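Visitor: Residues or ranges marked as N-acetylalanine in Swiss-Prot (evidence: similarity to another entry): Ala2. Per Swiss-Prot, the feature phosphoserine maps to Ser8, Ser332; the stated evidence is similarity to another entry. What Swiss-Prot records for 27-216 is domain 'Glutamine amidotransferase type-1', and it gives sequence analysis as the kind of evidence. Annotation source Swiss-Prot lists active site, for GATase activity at Cys104, His190, Glu192. The domain 'GMPS ATP-PPase' annotation in Swiss-Prot covers 217-435, and the record cites sequence analysis as its basis. Positions annotated as ATP binding site by Swiss-Prot: Ser244, Gly245, Gly246, Val247, Asp248, Ser249, Thr250. Per Swiss-Prot, XMP binding site is recorded for Arg337, Asp522, Gln610, Lys685, Glu691, and the stated evidence type is similarity to another entry.
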Amino acid sequence: MALCNGDSKPENAGGDLKDGSHHYEGAVVILDAGAQYGKVIDRRVRELFVQSEIFPLETPAFAIKEQGFRAIIISGGPNSVYAEDAPWFDPAIFTIGKPILGICYGMQMMNKVFGGTVHKKSVREDGVFNISMDNTCSLFRGLQKEEIVLLTHGDSVDKVADGFKVVARSGNIVAGIANESKKLYGVQFHPEVGLTENGKVILKNFLYDIAGCSGNFTVQNRELECIREIKEKVGTSKVLVLLSGGVDSTVCTALLNRALNQDQVIAVHIDNGFMRKRESQSVEEALKKLGIQVKVINAAHSFYNGTTTLPISDEDRTPRKRISKTLNMTTSPEEKRKIIGDTFVKIANEVIGEMSLKPEEVFLAQGTLRPDLIESASLVASGKAELIKTHHNDTELIRKLREEGKVIEPLKDFHKDEVRILGRELDLPEELVSRHPFPGPGLAIRVICAEEPYICKDFPETNNILKIVADFSASVKKPHTLLQRVKACTTEEDQEKLMQITSLHSLNAFLLPIKTVGVQGDCRSYSYVCGISSKDEPDWESLIFLARLIPRMCHNINRVVYIFGPPVKEPPTDVTPTFLTTGVLSTLRQADFEAHNILRESGFAGKISQMPVILTPLHFDRDPLQKQPSCQRSVVIRTFITSDFMTGVPATPGNEIPVEVVLKMVTEIKKIPGISRIMYDLTSKPPGTTEWE
């Protein structure tokens, strides 16, 4: 049986339940196996007005039973159930008579406990898939026999445990199992994320029909809880809140103002030099209209030249540290974020000093959201979540302040759409509540900095696979070992569609010599971008299909872009040296301004959740024989549609955004000096994150 390879229980097993001080009658316990989507499960359950609490996977069964939980949900996680370091759990949770829903890793765990087997498949599934369902199963009642879901896994159920039946399949892969008499259900996909179209129906079936929950957990309760927590923690002390002007920090400040006296709240807007065009001025004006007095600090010089302390190397587990390069000479995305986060804190401390306040009597408030903490693998969000990227508001220094109890984060249990609802409850104006998010590090994380191209040993082989994919209809006539790999990673339906697309369109697909951050299978991926160009007018539906298919076949690719303009004859294999210098930032600032101005004027800004505009160090259209150096850069437009920012899809031109609007953006951005090409990000999340860094 799976007691983390069967042996001993860890000393801290049981979380906060074992003291018996709480009672959760009617609530659902989510046992956290380390999933990036763990808190999304929590949010989806609460959206259905059912109270949920998250505890470690190793929480003992007796504690769950004694505390009155009505049902159990086991999250996904990055481990294999057979790994030596697989997390410990109490198998008795399956024998206490509580309905259980196992998601991804949770399903594999359930299957293994009851005698089934799990093994690593040759093909990962990362992305959106059509799966078949048995809609006579209580879990899938009211659904179609085929549904669109998000799958992100490498291990799969092989032999189904006795007493369970298969209730969903993705091709020949088991996607759902059930033992209805014991109310035990497992799904390989993620019903909690927006990319699973009817995931909420599945969760509702489990919570209401199977577990018998009642819906009496409301947003108003959570607002009151936030205010109570602020009052209790701050008392008569002062709070310094860093305001970006976005919805998160504004709602955070509104909560502080409601909970505390006005003279206790010190609102500061720091212009870090990475703001959008005229951003700081508009932030100050908007907040003054709300009656919030803001101290604006121009700290661009401090950020450009900022440094921080870092481990000697990623492998070095000793406490030894090194001083980083200055930010304007740094190319590592992780180091950039850490420098920016720590510089924010240093400047906040300077403000405290200038105002003659005692540091020990001042709290730092942030509008940190749940996705920030999950992607940073913060213990506040999840004790096991794998690091995807460091967020500027969750650096080591911030964590140290948090450990000291000096950080106030009233929105730490909220996701973006919930913050908007809360903002409306607090009577904030709609233009602020519905504003597109803008990251605290600003344009700094929208410049792909590089000194040299990113080309590893797998670069040539991956390019050969992409050539086969882009010309699949011709490639199938010429036997090749890599062709067999492509076929092994795709279904017959995929191959038929690929044949159709490549017969109709002349495509060129290749790797770009840069890397961006992504997420695959609950873990961080940091890898290549695939570019697609064509002499034909773009068929956007086909391009979106290719963007889903390519990362499934090539796990070293986490992003796919379409390159506007004529076919790329000679893909770049070098880069334009790019750092966070004023000239580089000025170029991106203008591109961002043009794109967002066109989106606003089109009236479609409300249809798009966020639209990062990214500057890459890529110079196309150079004759290699002339050995022209790389000196221009290219821009990426990243439209993104999501409900929670944990998963999402690009806006498809012609559907969610008019083609003419996108083409107008391309035309205006191309006029900016030093711009080589414009690209359109076709990638969903996963495998690509919202931002490129």
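Every residue, even glycine, has its Cβ placed from backbone N, Cα and C.
Any idea what these are sitting next to in the structure?
Guide: The Cβ of Cys104 (active site, for GATase activity) lies under 8 Å from the Cβ of Ala35, Ser75, Gly76, Gly77, Thr152, His153, Val187, Gln188, Phe189, His190, each of these being in the same chain and 6 or more residues away along the sequence.
If you draw a 10 Å sphere around the CB of Glu192 (active site, for GATase activity), it holds 29 other CB atoms from the protein chains shown.
Annotation for Ser244 (ATP binding site): same-chain Cβ neighbours under 8 Å, separated by at least 6 residues, are His269, Val283, Gly367, Phe438, Gly440.
DSSP assigns Ser332 (phosphoserine) to coil in the three-state reduction, placing it in neither a helix nor a strand. Listed in sequence order, the residues of the same chain lying 6 or more apart from Ser332 (phosphoserine) and placing their CB within less than 8 Å of its CB: none are present.
Non-local neighbourhood of Lys685 (XMP binding site): Val519, Phe640, Thr642, Met646, Thr647, Gly648, Val649, each in the same chain, at least six residues away, with C-beta under 8 Å from its C-beta. Under DSSP, Lys685 (XMP binding site) is assigned to a strand (E or B) in the three-state scheme.
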Visitor: In whole Å, note down how far the CA of Glu192 (active site, for GATase activity) lies from the CA of Ser249 (ATP binding site).
Guide: 26
Visitor: Out of the recorded positions Glu192, Arg337, Gln610, Glu691, give me the one sitting nearest to Val247 (ATP binding site) by CA distance.
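Guide: Spatially nearest to Val247 (ATP binding site) by Cα position is Gln610.
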Visitor: What's the CA-CA gap between Glu691 (XMP binding site) and Gly246 (ATP binding site) in angstrom, rounded?
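Guide: Gly246 (ATP binding site) has its Cα 16 Å from the Cα of Glu691 (XMP binding site).
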Visitor: Neighbourhood of the ATP site (Ser244, Gly245, Gly246, Val247, Asp248, Ser249, Thr250): other residues with Cβ within 8 Å of the Cβ centroid, in order?
Guide: Leu243, Val251, Cys252, Gly367, Leu432, Arg435, Phe438
